[in-house]
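The next block holds one structure in the form of structure tokens; read it before the comments.
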């Protein structure tokens, strides 16, 4: 009898060990994200007000003029708005990374749940921080859609998809009786958001540096190439982790999410790869400029034929003078570096 009990105990221990090998998200109980979820509209409204104040009174008011001087004050409206947007987006993502990295890792891969305390606080939970961080990211995309004068269809699709799926994940968590996969859906959204923040932070910096150092072609070549590589690595890593979690939680998904989740991920991955392709074009353009300058060839004469083959004209001719890298977001858009070529033609550049 003792031998039989011992055998059963061993089997139970082995089975429990196999169960623990799955993703931690599979062991997070069905629960509300945060007690703040019913106040999501108020939270995102406060964030919008903060974005406006930072943009209008801080960045456009005096800070960018003080830091960049004539580089900023001589920009046209399209360039200026893109420049401001990259500062807001980059700063927002850095702030989210600082405040939400710990709760994200602990809930998605550690031992916590959404109701676990945040850093030992008696009042703030991990879910509270993640919900506010999610609203910050969503509000940033809404801000970009309204603020930027030009934005590519790929970016529009990515931003709208992120906004809708993020808010839907929060909304369905308010009705756990019907929405049995609400908790794991929000966890999956945090995984998407985390990769978006980490892998797409450098592109914001790249475009800002392009505006500040437009004729430092070797430097721009290196940073554009690095941006291309990091976004590709980020997309591949995100796909592997997302599909691992999605497959590991397969039995907990409803049929609706079994169908829509792969479609949404395909949308996000396509947008990220499009951004990678745009940075590939940008660093290859820098490579050509460097080669022409080293060979003593006039960039205008040397690049006309090649540009006609490699770079399509993507806007009306009257718009060409204004179209620059500021028309791209961190997920890319149509790119024509006409202003950069103009800088390269100047003597001494």
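Placed from the backbone N, Cα and C atoms, the Cβ positions cover glycine too.
Sequence-distant contacts of the transmembrane segment (36-58) (same chain, six or more residues past either end, CB-CB distance under 8 Å): 84, 88, 128, 131-132, 135-136, 138-140, 142-143, 147, 167, 170-171, 173-174. Annotated transmembrane segment per TrEMBL: 36-58 (among others), in sequence order.
What TrEMBL records for 90-109 (among others) is transmembrane segment. Here the transmembrane segment (90-109) has Cβ contacts under 8 Å with residues 23-25, 28, 116, 118-119, 126-127, 129-130, 133, 136-137, 140, 187, 190-191, 193-194, 196-198, 200-201, 204-205, 208 of the same chain, all six or more residues outside its ends.
The annotation transmembrane segment is assigned in TrEMBL to 129-147 (among others).
The annotation transmembrane segment is assigned in TrEMBL to 159-177 (among others). Proximity of distant same-chain residues to the transmembrane segment (159-177), defined by a Cβ-Cβ separation under 8 Å and at least 6 residues beyond the stretch ends, is recorded for 30-33, 37-38, 40, 131, 134, 137-138, 141-142, 144-145, 151, 183, 185-186, 189, 192-193, 196, 264, 267-268.
With a threshold of 8 Å between CB atoms, the same-chain residues lying at least 6 positions outside the transmembrane segment (183-202) that come near it are 25-26, 28-31, 33, 90, 93-94, 96-97, 101, 104, 107-108, 114, 130, 133-134, 137, 162, 165-166, 169-170, 172-173, 176, 223, 226-227, 230-231, 233-235, 237-238, 241-242, 245-246, 249, 252-253, 257, 261, 265, 268, 272, 275, 330-331. Positions annotated as transmembrane segment by TrEMBL: 183-202 (among others).
Outside the transmembrane segment (223-247) by six or more residues, the chain places 23, 25, 187-188, 191-192, 195, 198-200, 202-203, 205-206, 209-210, 253, 261-262, 265, 268-269, 272-273, 275-276, 279-280, 282-283, 286 with a CB less than 8 A from a CB of the stretch. Under the heading transmembrane segment, TrEMBL lists 223-247 (among others).
Distant neighbours of the transmembrane segment (259-280): 154-155, 157-158, 161-162, 165, 188, 192, 196, 199-200, 203, 206, 224-225, 227-228, 231-232, 234-235, 238-239, 242-243, 246, 253, 328, 330-333, 335; these residues of the same chain sit at least 6 beyond its ends, with a Cβ under 8 Å from one of its Cβ atoms. For 259-280 (among others), the entry in TrEMBL reads transmembrane segment.
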**Item:** For the transmembrane segment (129-147), sequence-distant contacts whose Cβ falls under 8 Å of one of its Cβ atoms, 6 or more beyond its ends
**Value:** 33-34, 36-37, 40, 43-44, 47-48, 51, 55, 81, 84-85, 88-89, 92-93, 95-96, 99-100, 103-104, 107, 114, 118, 155-156, 159-160, 162-163, 166-167, 169-170, 186, 189-190, 193, 196-197, 329
